[in-house]
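Residues annotated as active site, acyl-ester intermediate in TrEMBL: Ser62. According to TrEMBL, the feature active site, proton acceptor maps to Lys65. Marked as active site by TrEMBL: Ser122. Among the features that TrEMBL reports, substrate binding site is placed at Lys235. TrEMBL lists 33-265 with the feature domain 'Peptidase S11 D-alanyl-D-alanine carboxypeptidase A N-terminal'.
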Amino acid sequence: MKKRKKMIWLAGMLLICGMVLSLIFQNRILYGIQSPYAALMERDGDRILAQKKGEKKMYPASLTKIMTCLVALEHISDLDRKVTMDGNMIDQAKAQGASRAGFEAGETVTIRDLLYGAMLPSGAECCLRLSRYVTGSEEKMAELMNQKAENLGMEHTHFVNVTGLHDENHYSTAEDLAVLLDAALDRKDFRKIFTTMSYRTSPSNVHPNGMVLNSTLYEYREELQVKQGEFLGGKTGHTSQAGLCLASLVNVKGKEYILVTAGAEDHGGSIPGHVADAKKIYSKL
């Protein structure tokens, strides 16, 4: 009996020690970041290593486009299929003040170009055209995105559009978005897009030499490099309600990590808050 009690006591102490060490790690690695929401995942085992309000509702802004592209890839087999850009979609993106890749009304482009346009420069017109191609409307595409979120166990996520423009009913959490990115990266086609910093589109009737699309992180690629590893790619997002958001992937000491941060303020510095946070966290791994 005494031996059993001792074993139970030891197990309890080990559990407490593990919890304390986990809290110490989280406090150390997330200390001093600007973002009010954060989740750090180790891809090997899909473990959340550290989080800051990781299960709290936040607005994902253009991190939404990770789901838009994932769902599109799951429903389109021929990425070289060509489609024509609809002027109404261009006008919609302009009217909403959404970021655009630069495709024009009447331009014939490939699905592949739309995917890169959505992920790198965060082109809203690309997401709208992808949703039209896959389901016929943005609303139906959002339904597919919600179905995918449910399948992935993203219990605190709901989408109402494909671009991430603000809506009270369009929300997620840092942990849910880490789960999403982890699943998306399992696809080779998505991973290739996500880890690309610059891409030239195929020639079109409007851009005969193609068009260079740079990632929104292109100018920060040097700042994001880490010791004993490599910054592999990322997707930014921003609205006034969501703040500065970033979902990124890095390899440090042979292990891959996903980091999602959201809600950082834009103070107009040379390095924006979400980039500074990623650099700070990855340097501690």
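The backbone N, Cα and C atoms fix where each Cβ goes, glycine too.
Here the features listed in TrEMBL are placed on the structure.
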| residue | record | DSSP class |
| --- | --- | --- |
| Ser62 | active site, acyl-ester intermediate | helix |
| Ser122 | active site | coil |
| Lys235 | substrate binding site | strand |
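For the residue listed as 'active site', the number of other Cβ atoms no farther than 10 Å from its own Cβ, over all displayed protein chains, is 27. For the pair Ser62 (active site, acyl-ester intermediate) and the residue listed as 'active site', the C-alpha distance works out to 7 angstrom. The distance from the Cα of Lys235 (substrate binding site) to the Cα of Ser122 (active site) comes to 8 Å. The average pLDDT the prediction assigns to the domain 'Peptidase S11 D-alanyl-D-alanine carboxypeptidase A N-terminal' (33-265) is 98.
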